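Heads up: the structure comes next, in structure tokens.
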Amino acid sequence: MHNPDDERPGLALTWARQCYRLRWPLATLWLLILVVGGIQFDRLENHLRLPDYSISGSDSERTATLLAERFPRLGAEQVAVVVTGDDPGAVAAATRAVTPAVRDLEGVGEVVDPTTPMAGTELLADDRRTAMVLLPLHGSVSDRDATTDRIENALRTVDLPPGTAADLTGETPLNKALADVERRDQLRAEIVGLTLALVLLLWGLRSVLATALAICAAGLGVTLSSIGIAALSGVAETSQFALVVATIIGLAVGVDYALFMVSRFREQLPGRTAGPVTRDQVIAALSTCMRTSGHTVIVSGVIVMVSLCSILIIDGPVFRDIAIAAALVVLCAMLAAVTGLPALLAISASRLRLRAPATGEPDGRWYRWVAFVQRRPVVLGVPAAALLVALALPAAGMRLGLDLGIPTLASTPAGAGYASAAQAFGGSAVAPIYVTACAEVERPLTGDEITAIQGYFARTGPMDEVLSAASVFDTPMPGGLGGLPDTPLGAAADGVLVDDVRAPRCLLGMVQSAHAVDAPQTVELVEKLRDSGQLAAPGVVVGVGGMAAQYTDIASETGRMFLAVVLLVLALSLIYLVVTLRSVVIPVKAIVLNALATAASLGATVAVFQHGYGESVLRFDSVGTIQAFLPVAMFAVLFGLSMDYEVFMVQRVREEYLRCGDNREAVRRAMAAVAPQITIAGLIMIAVFGSLVVADVLELKQIGFGLAVAIAIDITVMRLILVPVLMSVADSWNWWFPFGKRKRGNPANPHLVPDVTDSVAV
């Protein structure tokens, strides 16, 4: 029978020889990368920005642009210094001290405090124990981030009366506070995840050195990615949240890839009793390792990156951040696994050998299990598939939103300020909804249009979700809007509620929701304002913006584009697998099963977090929604990661098929050979991803839970039941390929089975 080890090794052998010859230079190079990357990772925070949840071309983005152009006094964003205390006199004194301290800072516009005309009564609570000072911020997200730092530094220098506090809050301060909490969660997750991964690697590899090499390879990939992210920062800055997610994915994938490589390399080495290991034996082991596990790493890495890049069809910075950062860290993990790790393996070969050489005989327990499954394909396969379908059902009722995680920010100044403002002024006091009504063309509004807009603004007040609404029409004007320039409040309204009081083209209304800015009721209010605004008047364009509108748009756009992302991922993955594996049945089977498993994990995530079935266990309060970017990010990541195990197993099935020519026996032997490694690798991923469940930030809990559940489904229901069943039922049709000379594989002539290793340059 044909032995796959006798095949022309091609690039695998060439690569192995070069890695062996250059093992010390390669190891030195990666050591330098580790040092430089470690230093860079510590400074990486300087290259990060806050998450940007805008959607290009959305109503909220158009409204934000219009506000910046027509209402410059409002700035690109308004933040608030919330002054609190038990003594109204002390609060007034603290407010008077805060205003001059922040008024002249770079990036801060015209400050509005309780003494400002048209604002006084609305910025001072009824009990006079809470006051707000509004600060317009100008510039981009990064500019406003820097301005926020300057404001916070200035507030620290203010001599406040005893018993008072001044906390900066608003969109940017809240996002900064959330980023700080996420960094803390990331550190905790890495400690927990890596500790569990270390224990599992020691259990699986039975070697301290092999475990150290696997952890080192994972670290090399993450540190290289930090250099890449810093290098790209001038072109495409990445957010803190994207880096947290990418780092966790990079650690999990890096350890996974290293485990496959180290295990296969040790399997190919002669045992310790065979005498000193020779140069040729090391090169041969490296060659086989690269031809098998190295091939798996490359195929898996490419699919993960392709899947992640599919997210880019959603035109929003938060999706771009996740896609670029995660794809880059996977690329770096792949490079570390096929360049740095082989060099380390070559150097350490003599100390990595098993006590006895690998016999090639399958593990009896796994072999018997697969044989048991093969004898009962319907009895076991149908319930397994039904279980996945049942788990996927809740995903059909998925509701998308964007939770700010306010409860987790209670100990931060931004969170405390938000809570104080909400308690004193109600609802989303620091994040109003901006409603603009402008002439459709560049001209002043007509009298009829102004009257229609006034009626539209008047209708917003009685809405159930509205706590208060303000517009220029709240001011008594005997001569109508045309008489505003002649009133004392004309200058105050100019550029704030009216773009030009003498020739108004745009009017602005500010609506305060009775609920939190990220509450589902506020999202409903945004939709109501948009629906009713379409009927305001002919020739008038109504726009709705602000934080709540931005959150509404990202949820809407994600829901609209989710199916497109799924179809793109499936199509690109199918084409790539067909070309790479030179098979039709295996890629189609992989696509269907992985899509079903991913849907099942999404369904479980919806059941736990949206419906709240896991509140007490996971210590969170359900907000009734799933984070808007979670479904597309999870699908892209999970689909690629599932292919890791799929290709690893298919590669081994093919090897065994070439040896014995019996498909069912090949499946049994292959599963018995790779099941221990897949199980350990899966448990490591579950440990790393599952460590995010202990995070305080809800979005990290959700993504960690979803990824961990998906991997658990993959290494149990998928690999132990459905994959063996379908590969056994398909028999030699697994290798059918109608697009070349090779047709269906013939057990009597195993040379007809396509050589997947020749189709990818390793």
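A Cβ is built for glycine as well, from the same backbone N, Cα and C atoms used for every other residue.
According to TrEMBL, the protein carries these features:
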- 205-347: domain 'SSD' (DOMAIN)
- 22-41: transmembrane segment (TRANSMEM)
- 212-235: transmembrane segment (TRANSMEM)
- 241-262: transmembrane segment (TRANSMEM)
- 297-316: transmembrane segment (TRANSMEM)
- 322-347: transmembrane segment (TRANSMEM)
- 378-397: transmembrane segment (TRANSMEM)
- 561-579: transmembrane segment (TRANSMEM)
- 591-609: transmembrane segment (TRANSMEM)
- 629-649: transmembrane segment (TRANSMEM)
- 670-693: transmembrane segment (TRANSMEM)
- 705-727: transmembrane segment (TRANSMEM)
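Note on the transmembrane segment (297-316): residues 52-57, 253, 257, 260-261, 322-323, 326-327, 330-331, 333-334, 337-338, 554, 557-558, 561, 564-565, 568-569, 572-573, 576-577, 580, 632-633, 635-637, 639-641, 643-644, 647-648, 760, 762 of its chain, located 6 or more positions outside it, place their CB under 8 angstroms from a CB of the stretch. Here the transmembrane segment (591-609) sits against the transmembrane segment (705-727); at least 3 CB pairs are under 8 Å, leaving out pairs fewer than 6 apart in sequence.
Helix, strand and coil content of the domain 'SSD' (205-347), in residues and according to DSSP, is 124 helix, 2 strand, 17 coil.
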